[in-house]
Amino acid sequence: VAADEGILHASGNGVPPVTKDYCIIYNSNWVSLPKSLDNATFRPLENLTSTVLCNSSEVPSGSMKDKAVVVMRGNCTFLEKARIAQSSGAKMLLIASKPRLSPLSDNKTDFEDVTIPVALIRYSDIVDMQLMLGSEVNVTLYSPPLPEFDYSMVVIFLIAVFTVALGGYWSGVAELENLKAIASPGERETRRKKEENVTFTPVTVILFVVICCVMLVLLYFFYKWLVYVIISVFCLASAMSLYNCLAALIGEISFGQCRIACCNKSIEVRLIFLAVFCIAAAVVWAVFRNEDRWAWILQNILGVAFCLNFIKTLKMPNFKSCVILLGLLLLYDVFFVFITPFITKNGASIMVEVAAGPFGNSEKLPVVIRVPRLEYSASTLCDMPFSLLGFGDIIVPGLLVAYCRRFDVQTSSSSVYYISCTIAYAIGMVLTFIVLALMKMGQPALLYLVPCTLITSSLVAWRRKEMKKFWKGSSYQVGWMP
């Protein structure tokens, strides 16, 4: 059964006429829709949502003739509704559904005698249409072809590569400061007290991946409660991350360092204002998170800060731990995207369901970079108005890039590991977008990012005859990490 997304274009009778587009689901096996509005025919809309059209006696005689008719879904089949509407003179049948839109799945042969377009539309859209356009509305259906490439992917690419490169560089700066502190015994203890890094060992890597798996499954079954927990955690973590990122920049500015004393400690006034600003940014996002026009910008700023702080704070002690982490998370990504559809009842992957909000939940997890799609299509209108990239697709390879940058600092290798791994990450992102454009379906980005970054780092270490040191980490990391 082929289920397709299309567009209902509605026009009011005002001067100039107010128009609006709505998502529809139709079956291309039954009828083909025009590819553009130029070839589409408008029909006056007859709102009969007070009936389900399971019996021809439910509709007054002549009320459907030469009109587009909308009725409620009800218990009878689409075929029964279509035959009644067609015999009553209707030129288009819209079936309003209160639940989530689902494919129209009757057999093609049963519809051979049905010549009018049949489409499924959200009941909430019909209500919105009456409120926005008035009682007299003309509608038509069309299905524009999917764009070969959406240029919002370019913005996603730039954000991802920038975040990974900057996070790796920041981690290298922190590593250089550590080395300087070691060279000056008087500063060593002070530096250790300021250090807020967490080092992953192979055991903690495995534990981390297990926690990710458990959390994803729990979100799938208890999404409507846990989504608010994740939103709260994101607000707290992103506010702290934004503070750490901006504080690092402010620390490079020499003026405005006046302090106030409190509880036997002194703190810079500018840092107090910075903390208030970061908390306010997170609170504003939390309140207006469902405002699609601009909230995505604030979410991306907070998300980039979160990823940067995570990459800088969480240290991989050696390449061995990087291989374990990236390998396990690659398997995790592939399993929950490609394997779970064979397990779930509705045949959807757990990863996609959680990302989209199971069962049509309006609340979305704030764990992605979102950029509005720049190419208009039915898919944009129906389910994915944004191009998405998960934080994990930035953080996980970013940890390897950060390790490469720190290894460059420790071995004075002129950033060759860091630059090579960053370029490999960019190539992996390009491969992801190419496969996405060819297959027209969401891809687990780690499937392409992990091999690109791991293989490139390994080749650089092998070519420089430093694989043993790169694999085990430097003696500095073993001896001085708290």
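A Cβ is built for glycine as well, from the same backbone N, Cα and C atoms used for every other residue.
Here is what TrEMBL records for this protein:
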type: DOMAIN; residues: 53-126; note: domain 'PA'
type: TRANSMEM; residues: 151-170; note: transmembrane segment
type: TRANSMEM; residues: 198-222; note: transmembrane segment
type: TRANSMEM; residues: 228-250; note: transmembrane segment
type: TRANSMEM; residues: 271-288; note: transmembrane segment
type: TRANSMEM; residues: 294-311; note: transmembrane segment
type: TRANSMEM; residues: 323-343; note: transmembrane segment
type: TRANSMEM; residues: 384-404; note: transmembrane segment
type: TRANSMEM; residues: 416-439; note: transmembrane segment
type: TRANSMEM; residues: 445-462; note: transmembrane segment
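Helix, strand and coil residue tallies for the domain 'PA' (53-126), in that order: 20 helix, 16 strand, 38 coil [DSSP]. At the 8 Å Cβ cutoff, the transmembrane segment (151-170) and the transmembrane segment (323-343) share fewer than 3 close pairs (sequence separation 6 or more) and do not count as touching.
Long-range contacts of the transmembrane segment (198-222) within the same chain: residues 230, 313-317, 320-321, 324-325, 328-329, 332, 336, 350-351, 353-354, 358, 365, 399, 477, 481, each at least 6 residues beyond the stretch ends and with a Cβ under 8 Å from a Cβ of the stretch. Cβ atoms under 8 Å from those of the transmembrane segment (384-404) belong to residues 150, 152-153, 155-156, 159-160, 163-165, 167-168, 171-172, 200, 292, 296, 303, 306-307, 310-312, 314-316, 318-319, 322, 325-326, 329, 333, 355, 367-373, 417-418, 420-422, 425, 428, 445-446, 449-450, 453-454, 457 of the same chain, restricted to positions at least 6 beyond its ends.
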